[in-house]
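Okay, structure first, notes after.
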Amino acid sequence: MDYTADQSGFRQQPTMRLRNYSAEGPDASQLFEDTSGVGSASQSGLRNQQAGPQSSGFAGQSLLSEPMSNLAMAYGSSLASQGREMVDKNLDRFIPISKLKYYFAVDTVYVGRKLGLLVFPYMHENWEVSYQQDTPVAPRFDVNAPDLYIPAMGFITYVLVAGLALGTQNRFSPELLGVQASSALVWLIMEVLAVLLSLYLVTVNTDLTTIDLLAFSGYKYVGMIVGVVAGLLFGRPGYYLSLLWCCAAIFVFMIRTLRLKLLSEAVAEGKLVRGARNQLRMYLTMSIAAAQPVFMYWLTYHLIR
């Protein structure tokens, strides 16, 4: 420590000097050099040297992988298209999707006219299906053409109305509604199979297909719905009166429609319905028409109490 005195006689504060303190200031040389910057610089250079070949390798791999990925995508799309064509071909063998589109080609006007024809067929005169270049026209252009829209909607509506009828009687349950729907569907399938077997045994040459028979057999749901709704509104008298009317209407509708289909050979040749074979065809037509009221009553009488 250095003590110095000024002119007043008082001693000034000692001047403290730190060890290893250099008077030259911050520019003086240090005892130990800071090598952290040099190490980090060398490490970064080493990383850059290592990353250089790797990055170039990745770039080359990406250039090679792009054609491979495009080839894989093209191969996958071709496999998917082939699989779709195979599924469509096999599915069309059992379920003719292209033909089903024809039966659902309807509009609001057709549905209204067809429902009126099913309920009141007595004033209708022309029952022949219109053709265009040996192909029947779509149902929306001809009210006599069969369709599947009304039978499908009729079946669903019948199940809903049956659930409503069971609910008003405090008998509703999901199991009972399922039994109602499954029984109606089973009876419909059995009816179509019985008609196909009868046509095979009688050896009738007709243009009726299985889908046509399914459509004609499904038209009875319209009368069943009318009968159940009338029973819910007006009781048993309303049910029996409306069901009787609808049964007579569906009987006339089926007779006038199917006689042109089952007796097409005799009608085309202009012959009278004579002979055992034609008599069998007429009996078959009347049997199919008479079975409709029986099914209508069997599937609805227990819903009205």
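Each position is counted from 1, following the chain as shown.
Cβ from N, Cα, C; glycine included.
Database features, via TrEMBL:
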- 37-59: compositional bias 'Polar residues' (COMPBIAS)
- 29-59: region 'Disordered' (REGION)
- 148-167: transmembrane segment (TRANSMEM)
- 179-201: transmembrane segment (TRANSMEM)
- 213-233: transmembrane segment (TRANSMEM)
- 239-259: transmembrane segment (TRANSMEM)
- 280-299: transmembrane segment (TRANSMEM)
Residue list, the transmembrane segment (148-167) vs rest of chain: Cβ under 8 Å, 6 or more residues beyond ends.
100, 103-104, 106, 111, 114-115, 118, 139, 173, 176-177, 180-181, 184-185, 188, 211, 214-215, 217-219, 221-222, 224-225, 228-229, 231-232, 299, 303-304
Under 8 Å between C-beta atoms and at least six residues away from its ends: which parts of the chain pack against the transmembrane segment (179-201)?
155, 158-159, 162-163, 166, 208, 210, 213-214, 217-218, 262, 284, 287-288, 291, 295, 298-299
